[in-house]
Amino acid sequence: MRGLYTPASMAPVEHVVADAGAFLRDAPLQDIGKNIYTIREVVREIRDKATRRRLAVLPYELRFKEPFPEYVRLVTEFSKKTGDYPSLSAIDIQVLALTYQLEAEFVGVSHLKQEPEKVKVSSSTQHPETPLHISGFHLPSKPKPSHETVDPGHPADRPENLEFSSFMFWRNPLPNIDHELQELLIDRREEEEEDEFEDSDDDGGGWITPSNIKQIQQELEQCDIPKDVRVGCVTTDFAMQNVLLQMGLHVLAVNGMLIREARNYILRCHGCFKTTSDMNRVFCGHCGNKTLKKVSVTVNDDGTLHMHFSRNPKVLNPRGLRYSLPTPKGGKYAINPHLTEDQRFPQLRLSHKARQKTNVFAPDYIAGVSPFAENDISSRSATLQVRDSTLGAGRRRLNPNASRKKFVKKR
């Protein structure tokens, strides 16, 4: 069959890293690649019974390999620059790091990108030589040669010394385009008749059949047959695919085809409608509001952007805006919401007394029962989890207006 591509007819990729989506979609990995790699966390997160049964009797050897910490750190920083870091889990980052590690071992890193391509925000302007809407001036369009016949009832010669009572009538006469419109309508009718005649004589052309369905899917998904690809990653996560393609790594679909297009994102303010390519911003640099949302864009050949908006009208989440903000509080351990970009927060440094208590080199240090330094768990900063980086320096990032669980048993 023409246009039918199967994984068995392709040249298999030498090293393939599989994500959880490849196992859930039952991808024929034994036909896609020679050596199949993954991490143990991917298999642990699969809860589907049918998928776990297939994992128990795989027709190929599944190799478990852990990525190096330096590659995990590199992929994490790269995903933050592309704007896909909030959409990635810790397991996804490890799968990306393993793909980067295999590419570095068997191919090299000279062709890989260290920085993502910046999306240039630009807009097409009108022609500067023809300004519009200038008060006090009238700029008529260039007269076109008219092909209409002269009506004998209306003489073409007009006196040049006509007096006009208003400035609005002081302009060159516009050409008559009725004849051109009739010609366009006649040409369009002839084209429609020709199209109908061709459609009636068409023998199955344009229909989706079993012989061309794979080719149509390849064109819609914008995939290619993998050629001379040594390392690839099979994943169905769009954020992972975007990071891999931005770095220069190869992405494989579940049917073994090579995905070649990546999605670019920018931040668009839904308050002032300004855009920025800096994906690390939280507040808008123009109006200062926290109304930046990620929007996928397509860069045209002329450099202009085509933004793709969501059909959901509720783009901004109104949760937390029903009640008024809490009264601002001062002090070292104040819990205030983050409202502006230049808002100052306490540095939450440890006191001198607390530092001396856990400093083993201090002259007044008392080891006590243990010869090791003690952890501070009794002070107020410790109870508020000030030094816990996972909570964002204490509880100041919590939203007091967020919904809470009801019917909780109180002690």
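Every residue, even glycine, has its Cβ placed from backbone N, Cα and C.
Those TrEMBL annotations? Automatic predictions, nothing curated.
Residues or ranges marked as domain 'PIN' by TrEMBL: 14-117.
Sequence annotations record features per position, and here TrEMBL assigns region 'Disordered' to 123-158.
Marked as compositional bias 'Basic and acidic residues' by TrEMBL: 145-158.
Residues or ranges marked as Zn(2+) binding site by TrEMBL: C269, C272, C284, C287. Around the Cβ of C269 (Zn(2+) binding site), a 10 Å sphere holds 21 further Cβ atoms from the protein chains shown.
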Tell me, by DSSP, whether C269 (Zn(2+) binding site) is helix, strand or coil?
strand
Shell of the Zn(2+) site beyond C269, C272, C284, C287, same chain only (C-beta within 8 angstroms of their C-beta centre)
H270, G271, F273, K274, G285, H286, G288, N289, T291, L292
Under 8 Å Cβ-Cβ from C284 (Zn(2+) binding site), six or more apart in the same chain: what's there?
C269, G271, C272, K274, T276, K290, T291, L292
